[in-house]
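Enquirer: Structure below; questions to follow.
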Amino acid sequence: MINLILLGLPGAGKGTASESIVDKYHLAHISTGDMFREAMANETPVGLEAKSYIDKGNLVPDEVTAKLVEERLKQPDTKNGFILDGFPRTTVQAELLEDITKRLEKPLTNVIAIDVDEDVLIKRLSARYICKKCGATYNKISNPTKVEGTCDRCGGHEFFQREDDKPEVVKNRLEVNKKMNTPLRDFYEEKGILSTVNGEQTPEKVFEDIDKILSKD
């Protein structure tokens, strides 16, 4: 059984890697964002508790998020293993998760960090641009327009960049994430379950390296 967390800064390629892992190993992909939406839509007790914080514009306390994670990990689709997306983000959450996995007898088997140099991440994240006319989104590096300066969808020629995709804003976002990510890595390194892969390779090669780690166990 594989019970896995992927770590990495925004733009490291966690989403793409997650899809490949789920496809091959048939793991339950557990996203905290999806969990919150589902629990609130179904009006479960924990979902309503989370909603009471969100409606006031407050952060949901760690203990409430942990309750949601525990509910989700009890679902039958996690019996072959799971991959956690968006939790834990801090060492406090990591400790709460450890308590949950012990209770449910579903210990984490792997934590894999996808490493990408900060300059590369800034280039990746600030390469996004959007068509003014129809809102189609492109990326200069990974998904440019077929004809330079012309939108594939509507043929428009004017593009803009969102404020939070500008390099200086991206840099700040990465700094905030790095402050949370580093202690988490240290936490799992001490547990002896942390592995790292080079995220500057092609998505196929990144998955190949992850696959080698998961196949070893």
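Glycine is treated like the rest: Cβ placed from N, Cα and C.
Reproduced below are the annotations present in Swiss-Prot:
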- Gly11, Ala12, Gly13, Lys14, Gly15, Thr16, Arg128, Thr137, Tyr138, Gln201: ATP binding site (BINDING)
- 31-60: region 'NMP' (REGION)
- Thr32, Arg37, Asn58, Leu59, Val60, Gly86, Phe87, Pro88, Arg89, Gln93, Arg162, Arg173: AMP binding site (BINDING)
- 127-165: region 'LID' (REGION)
- Cys131, Cys134, Cys151, Cys154: Zn(2+) binding site (BINDING)
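Let's see these features in context: how buried, what's close, how far.
Expert: The secondary structure of Gly15 (ATP binding site), as reduced to three states from DSSP, is helical.
Residues in the region 'NMP' (31-60) partition by DSSP class (helix H, G, I; strand E, B; coil) as 21 helix, 1 strand, 8 coil.
All protein chains considered, the CB of Thr32 (AMP binding site) has 19 other CB atoms within 10 Å.
Listed by sequence, the residues of this chain that lie at least six past the ends of the region 'LID' (127-165) yet keep a Cβ under 8 A from its Cβ atoms are 173.
Listed in sequence order, the residues of the same chain lying 6 or more apart from Cys151 (Zn(2+) binding site) and placing their CB within less than 8 Å of its CB are Cys131, Lys133, Cys134, Ala136, Thr145, His157, Phe159.
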Enquirer: For Cys134 (Zn(2+) binding site), list the number of other Cβ atoms lying within 10 Å of its Cβ atom.
Expert: 12
Enquirer: Tell me the residue counts in helix, strand and coil for the region 'LID' (127-165), as DSSP assigns them.
Expert: 3 helix, 12 strand, 24 coil
Enquirer: Say you check the Cα of Arg162 (AMP binding site) against those of the binding-site residues Gly13, Gly15, Arg128, Tyr138; which is nearest?
Expert: Arg128
Enquirer: Any idea what the Cα distance is from Phe87 (AMP binding site) over to Gly15 (ATP binding site), rounded to a whole Å?
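Expert: Just about 14 Å between their Cα atoms.
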Enquirer: Can you tell which of the binding-site residues (Phe87, Tyr138) has the fewest other C-beta atoms within 10 angstroms of its C-beta?
Expert: Tyr138
Enquirer: Report the mean pLDDT of the predicted model across the region 'LID' (127-165), rounded to a whole number.
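Expert: Averaged over the region 'LID' (127-165), the predicted model reaches a pLDDT of 93.
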